[in-house]
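Per TrEMBL, the features are:
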DOMAIN    1-31  domain 'HTH myb-type'
DOMAIN    5-57  domain 'Myb-like'
REGION    58-103  region 'Disordered'
COMPBIAS  73-84  compositional bias 'Low complexity'
COMPBIAS  85-102  compositional bias 'Polar residues'
DOMAIN    119-187  domain 'H15'
Amino acid sequence: MGNPKQKWTSEEEEALRAGVAKHGAGKWKNIQRDPEFNHLLFARSNIDLKDKWRNLSVANGQGPRDKARTPKAKANPADAPATPLSITQTSASITPSSQDASSDVVMLDSSKPLPEGNNAAKYNAMVFEALSALKEPNGSDSSAIATFIEQRQEVPQNFKRVLTSRLRRLVQQNKLEKVQNCYRLKRDSHVDAKSPAMRQTDTRPRQVQSIGYLGDTVEDAAISAAYKIAEAENKSFVAAEAVKEAERVSTMAEDMESLLQFATDCFDQSTRGEIVLMA
């Protein structure tokens, strides 16, 4: 083993730097065996090389492991902020769509299915038209309403699920009455029950209703955006923790490699009959 108290010369330091540049940090045994550096570093042990390299790196303002893991530290966190950015764009694209929903209550573009909040006004108009046409004394169930609408409109695949949700919402808003499993118009909702053709000429009631539907749409969009932002923050936190864990495992691996090299050197010296001194 080398003498740890022996002062390093400038030639030895330059040889150590060149060896790390050629073989990489942690490859102390390879650096010592390299004929290019052996004549300068033969008196130094692996521990001496590791300690001296740490001191040189700290003096330069950078840890010995930072150079090897610089790309790794930048790779994962760079992906995390990308998710909140996409959430911001999604929430921004939802809000303007509500204006399209309030501008036309009759037509439904089935080729481009929209979220439930954006189609609220259109679905409500179709529900009122169906109940007015069916004229069941005790109301009509959701299947009868869906069948009536499907015969006259092109609807998306998830129409029945969305229709059931809208029926419950209309009951909560006191715009429909629920009798057992059937729905019917309230007595004071004759304005809402007008057909689409009549509502096109009646401008004022449609504008008043559109304001209420717009409020529901904005509220749904805000809740959806908040949920997605929270999910993105959670993914960012998990990614940061994964980076910390990777750094910890890498540090442990380097320490174990140095310890194994030290034990190997001690064994080699003992097999040659040399005395091993433990500091």
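Heads up, the Cβ atoms here are built off N, Cα and C, so glycines get one too.
DSSP places the residues of the domain 'Myb-like' (5-57) in helix, strand and coil in these numbers: 39 helix, 0 strand, 14 coil.
The residues of the domain 'H15' (119-187), classed with DSSP into helix (H, G, I), strand (E, B) and coil, number 39 helix, 9 strand, 21 coil.
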